[in-house]
Amino acid sequence: MSGLRALLGLGLLVAGSRLSRVRVQAGSCRAGATWWVPQRLISGGRGDSEVMASSAVKYLSQEEAQAVDQELFNEYQFSVDQLMELAGLSCATAIAKAYPPTSLSRSPPTVLVICGPGNNGGDGLVCARHLKLFGYQPTIYYPKRPNKPLFTALVTQCQKMDIPFLGEMPPEPMLIDELYELVVDAIFGFSFTGEVREPFRSILSVLNGLTVPIASIDIPSGWDVEKGSSGGIQPDLLISLTAPKKSATQFTGRYHYLGGRFVPPALEKKYQLNLPPYPDTECVYRLQ
């Protein structure tokens, strides 16, 4: 194991149990208005619960999420990199609200960002860059890099900000628990279908054994977009982008934020998204 540490250039391990970190983090996030009420928690009675259910933000199917994305690109002429920048900033902001640097035991707090090969991975790269600006020390693991100018540019931006990239994934959950205070899951998004293949199958297996919190971007990797978890990772923070997906009703973590404040009002009305009122200039809204 000492050879692996030397290879990764990660330095000495910091002692301390995960339990103490959880106690520090509990209640550290500013309390916000709660907009989201999972349908599975609503009783059959009438009254306030029914009003909250009728006013709740809409949960999108995979087909609906793809349709909204296509309209943003085609009808409204947003570019991929434009939405990726806004989404990644939202993710970093939600993380900073849920886990402020002062609530964590290290200075700067160490964060491992694991990026997949698609747009979700691009969101993770942008998120890592903003986390560095917010006072965290991110490290990126990006095993499958698409040969496209957009992603090459995002990698360069992170490198220019002295954000390290790992050559290999730490193989044991305990090692990640000792080296990092948070893991960002930016592996798969809502467009993913089919079986999880290597190296991501092994990565998810390691993540399943972590005790440090996981923050998932849009969809917890390994989850069905509509049905939710089938024994996959259980994030502590979920950042839904544009609008929550149906799988979010199965989320049981402590923090659920909505990010991506870029939906035109006409598009929101067309799909009846019923998005919550973002306060002032905030780019995220706490749903749970």
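Each residue, glycine too, has its Cβ placed from N, Cα and C.
Note that the structure is a prediction, hence the values are computed from the model and not measured.
Other C-beta atoms found within 10 angstroms of the C-beta of Asn120 (K(+) binding site) number 25, with every protein chain shown included. What Swiss-Prot records for Asn119, Asn120, Gly121, Gly122, Asp123, Gly189, Phe190, Ser191, Phe192, Thr193, Gly194, Glu195, Asp218 is (6S)-NADPHX binding site, and it gives sequence analysis as the kind of evidence.
The K(+) binding site annotation in Swiss-Prot covers Asn120, Asp185, Ser221.
The domain 'YjeF N-terminal' annotation in Swiss-Prot covers 65-275 and rests on sequence analysis. Summarising model confidence by region, the domain 'YjeF N-terminal' (65-275) averages a pLDDT of 96.
For Ser49, the entry in Swiss-Prot reads phosphoserine.
Around the Cβ of Lys144 (N6-succinyllysine), the number of neighbouring Cβ atoms within 10 Å comes to 13. Among the features that Swiss-Prot reports, N6-succinyllysine is placed at Lys144.
Taken from Swiss-Prot, the feature transit peptide covers 1-32, and the record attributes it to sequence analysis.
For the K(+) site, the Cβ centre of Asn120, Asp185, Ser221 serves as reference, and the other residues of the chain with Cβ at most 8 Å from it are Ile114, Gly116, Gly121, Gly124, Ala186, Ile187, Phe188, Gly189, Ser216, Ile217, Asp218, Ile219, Pro220. When other Cβ atoms within 10 Å of the Cβ of Asn119 ((6S)-NADPHX binding site) are tallied across all protein chains shown, the result is 22.
Here the binding-site residues are Asp123, Asp185, Asp218, and the one with the most other Cβ atoms within 10 Å of its Cβ is Asp123. The highest number of surrounding Cβ atoms within 10 Å, among the binding-site residues Gly121, Gly194, is found at Gly121. In space, Asp185 is the closest of the recorded positions Lys144, Asp185, Ser221 to Asp123 ((6S)-NADPHX binding site), judged by Cα positions. The shortest Cα-Cα distance between Gly194 ((6S)-NADPHX binding site) and any of the recorded positions Asn120, Lys144, Asp185, Ser221 is the one to Ser221.
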